[in-house]
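Asker: So that we are looking at the same thing, I have put the structure below in structure tokens.
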Amino acid sequence: MNQEVKNKIFSILKITFATALFIFVVITLYRELSGINFKDTLVEFSKINRMSLVLLFIGGGASLVILSMYDVILSRALKMDISLGKVLRVSYIINALNAIVGFGGFIGAGVRAMVYKNYTHDKKKLVHFISLILISMLTGLSLLSLLIVFHVFDASLILDKITWVRWVLYVVSFFLPLFIIYSMVRPPDKNNRFVGLYCTLVSCVEWLAAAVVLYFCGVIVDAHVSFMSFIAIFIIAALSGLVSFIPGGFGAFDLVVLLGFKTLGVPEEKVLLMLLLYRFAYYFVPVIIALILSSFEFGTSAKKYIEGSKYFIPAKDVTSFLMSYQKDIIAKIPSLSLAILVFFTSMIFFVNNLTIVYDALYDGNHLTYYILLAIHTSACLLLLLNVVGIYKQSRRAIIFAMISILLITVATFFTYASYILITWLAIIFVLLIVAFRRARRLKRPVRMRNIVAMLLFSLFILYVNHIFIAGTLYALDIYTIEMHTSVLRYYFWLTILIIAIIIGMIAWLFDYQFSKVRISSKIEDCEEIINQYGGNYLSHLIYSGDKQFFTNENKTAFLMYRYKASSLVVLGDPLGDENAFDELLEAFYNYAEYLGYDVIFYQVTDQHMPLYHNFGNQFFKLGEEAIIDLTQFSTSGKKRRGFRATLNKFDELNISFEIIEPPFSTEFINELQHVSDLWLDNRQEMHFSVGQFNEEYLSKAPIGVMRNEENEVIAFCSLMPTYFNDAISVDLIRWLPELDLPLMDGLYLHMLLWSKEQGYTKFNMGMATLSNVGQLHYSYLRERLAGRVFEHFNGLYRFQGLRRYKSKYNPNWEPRFLVYRKDNSLWESLSKVMRVIRHK
């Protein structure tokens, strides 16, 4: 049997044992708890002195400082260049995390390796020392177990109840001398032979400190037993929790304590309350302190230190590849810690709704209570809704949280005023102020699906809150009180109203205040860039007057865009120096992220797809643009006799064509205005991706006109210079609708011939929307659906007719795409683009 098979068998046996033990613990614990009167437990809790609780929580938080001695020993043994204060802070955070999700201490060992590897040259020795610390966590318990084996502590009652623990006790006791001998014979560092002994002493003191915390919990709930009997129960319970491999020993530890105190005649209700207080004081309080420390300890300074550390080695294999993300993970720890704290705060104060309801039922002034209850619940829900925003470092989410904290403080002050809770709210408020100053964005993008999800989640939470309050009142036999006049009558709807008012006010203030933040470069900068680097088929639309511009720092490239509904809709590809496009887009995305906007690109080519992909985008094919090769275009030949017939017909009717160069006279503009108004027929002009009839815009390029015998303008088209590849395009094409003549054909033919004479080689006839989209069954569903629209909705919008019309000029079809964030909705993105196009 090779080593690999042995390891697999050992792993299977270990998992099987842990699972079987867990099932046994759950079943036994359920049987023990089923007979407990929870109402009596709540009554016992109400009798506890609040100052005793404060002392308990302080003691629970302070007890974990002892574990920091591990890291002090480690840093001194390896001669790390790290201050004692930093060691204590980092160690406290690691140990608090390890206590909750320790898995036998392996989580803590992994975090230690990640943090301290940047402070030492000898990584191998660091791993050896951390392994020694990991094992020594058991040796302290082993030392205490020896005291039971030699009958210093009497554990006969509990050992008779749980016989299998006796064997665990003997094995663990025997482990101590082996560890001490091994650590002294083969130490990680020959100059530190007694490190194993030091760590064992730290471990022993730490277990005793935990025992003192639990004993104090027993004193608080009036569960008096002798300390010698108690310590024996605690040691066996700790061993059971350690063997179970369950984080924190949850279940196994509690079961042994419950059975042990039961044998000593302590009521189960008191034991349960004692365990709950212990879990809160020894686990929850240190985690809260660790989260607060994390919000200060692991910030931008830590990230900069790691990036500049001479010990930081680039990733070369799988392990180092994962570790290469550590600086990003560490940078997110403060916001993650604060988000968790806000989440816990929300949950705790949701539970405190019950206190307000309980007091209100016995008070004649129901109105005041039910308004305060609605405010309290609204604030708790707002805290919960903004947890993700706080993690994402959104200033708007932090402001929501700060307002919620203030509202909860007011409600707390006027109802169940508690100095502990108000102090806690003050701490969270200060942390939110610090987070607000560090925040890297004003707000997150507002998306329809997020709004719907938020509404559904809010309704669910409010419903659960109602069920919790009603169920608790029923369990406490309070439902006999008449409820029709109580605070619960209009509570739900008032809560929704308060939430809507707060969200509406803050959202409006942010949009109003920061709508002025949007920056726009000067059009002169864009003109200079186009003159130097060239343009594209859309570059002339910088003169349309409905766009803003974003340039890079060196002003060698720019984008033209427009804001709509928390999105920046960009028209076409970037313009300018292609080498600057990466820098330009990165700056633009940073700008959009800071303001909380989505970025959407409309009508881009396939030339820069890799660039857009690098920014986490996906694509949707909008259609194809018809580009005519003027070097191959001609009206001669059998296939072109239709073109010649059209031109001959206009000649017979004495309809002429000419190109008018700017500046234009007022009379000429008025003639064009007359044709444009009749052609529009009171329809609204489109914007953004096309030009509009505007004298300033039209005066930027020549205009082709067709005149009748009376020299009156009957049709016109505006030119769009592209400033690249000898190409030209047309924008507005309008004619008198009452004339039964192929005026659009006439304009196109004359423009094509004129452009060819002027030396242009390409002519852009515009896009055929949804053309050649989703034609294969391998295409995305959204594109296949768009393709069906192209085929079957020709009566609603002439998709096919437009392509057929342009196809007779034998163009080359070039695809055009919509580019949008991968976590955004296609239909929402298309909707925003259409709103930009159809509204000025």
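Glycine is treated like the rest: Cβ placed from N, Cα and C.
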Asker: Tell me if Arg193 and Lys392 end up on the same side of the membrane in Swiss-Prot.
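Answerer: Different domain labels for Arg193 and Lys392.
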Asker: By Cβ distance under 8 Å, which residues at least 6 away from the ends of the topological domain 'Cytoplasmic' (222-229) in the same chain are close to it?
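Answerer: Counting only partners 6 or more residues beyond its ends, the topological domain 'Cytoplasmic' (222-229) has Cβ contacts under 8 Å with 153-154, 215, 261, 264, 266-267, 270-271, 274.
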Asker: State the non-local partners of the topological domain 'Cytoplasmic' (391-394) in its own chain: residues 6+ outside its ends, Cβ under 8 Å from one of its Cβ atoms.
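Answerer: Counting only partners 6 or more residues beyond its ends, the topological domain 'Cytoplasmic' (391-394) has Cβ contacts under 8 Å with 332, 335-336, 338-339, 435, 438-444, 596.
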Asker: Between the transmembrane segment (370-390) and the transmembrane segment (272-292), are there at least three Cβ pairs closer than 8 Å, leaving out pairs fewer than 6 positions apart?
Answerer: no
Asker: Averaging the per-residue pLDDT over the topological domain 'Cytoplasmic' (511-840), what integer do you get?
Answerer: 82
Asker: For the transmembrane segment (272-292), I need the partner stretch with the highest count of C-beta pairs below 8 angstroms, choosing only from 53-73, 129-149, 338-358, 416-436, 451-471.
Answerer: 53-73
Asker: So which of 53-73, 338-358, 451-471 has the most C-beta pairs under 8 Å when paired with the transmembrane segment (416-436)?
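Answerer: Ranked by Cβ pairs under 8 Å, first place goes to 338-358.
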